[in-house]
Amino acid sequence: MAVPTAVPEWLNKGDNAWQMVSATLVGLQSVPGLVILYGSIVKKKWAVNSAFMALYAFAAVWICWVTWAYNMSFGDKLVPFWGKANPALAQRFLIKRAGLPATTHLYHNGTVETAMSTPYLPMASMVYYQCSFAAITVVLLAGSLLGRMNIKAWMAFVPLWLTFSYTVGAFSLWGGGFLFQWGVIDYSGGYVIHLSSGIAGLTAAYWVLHPSHTNLWVSTHADHLHLAHVCVGRAENIERQREVPPQQRAASASRGGAAVDGGGGTCC
């Protein structure tokens, strides 16, 4: 009798590790990356609202994703552009080998041309990986609505847009939908992530921008980025110091003075 092993034969530890590392790096671009960015590029009175829009979007997408959106994007086919909505929470589902059931490519006579895509990693890693992209797509969209949308409206908008827009693009191109079957390939998310968030952001900004909000375009510079300015200035100062001959720097240090920069002064 074969002795069961702790690690299934189909699992490739390298593939699985890189999948999780990649997803984590993408997630860090959203939280804290875009949360800090959005909170720092608007006026002070909008800083908390803008940062929370990004934070809420990231958290809400996670809940929606494992509840119904993952299988709408990568599950069994419902219609040519949508998968069947099902939760992705069961232990048996998460520990089995990842598979995208709708990616089976058939000839015109119904015979299989290309079998279903089955990466060498568990379904849990696939759910986690794809969720990080879904989350950052909505967070990118939020950048078009900073200072323009009430947080309550945004809280309703996020799950609706994820359900009726993102899942359509994800299933059509990645999950085995009609564009996938036509041979359209999107390796890096140019269509599913960037194009969809860009078009949605432009459309939402157009409809949300009421004529009474025209003052948004006047004096919207951020006045609380002094730390960023200090860091940039310090980096420039260090770069200038590299151009100064070592003998001159040593002489300046021996006199107890400040290090000399290339322009004869200090930055910041």
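Positions of Cβ are set from backbone N, Cα and C atoms, glycine also.
Per TrEMBL, domain 'Ammonium transporter AmtB-like' is recorded for 17-214. For 20-39, 51-70, 126-146, 158-185, 191-209, the entry in TrEMBL reads transmembrane segment. Taken from TrEMBL, the feature region 'Disordered' applies to 242-268. Positions annotated as compositional bias 'Low complexity' by TrEMBL: 249-258. The annotation compositional bias 'Gly residues' is assigned in TrEMBL to 259-268.
For the transmembrane segment (20-39), same-chain residues at least 6 beyond its ends with a Cβ under 8 Å from one of its own Cβ atoms are 47-48, 50-51, 53-55, 58, 125, 128-129, 131-133, 135-136, 139-140, 142-143, 146. Under 8 Å from some Cβ of the transmembrane segment (51-70) lie the Cβ atoms of residues 27, 30-31, 34-36, 38-39, 85-89, 127, 130-131, 134-136, 138-139, 141-142, 145-146, 149, 151, 154-155, 158-159, 162-163, 166-167, all in the same chain and six or more residues away from its ends.
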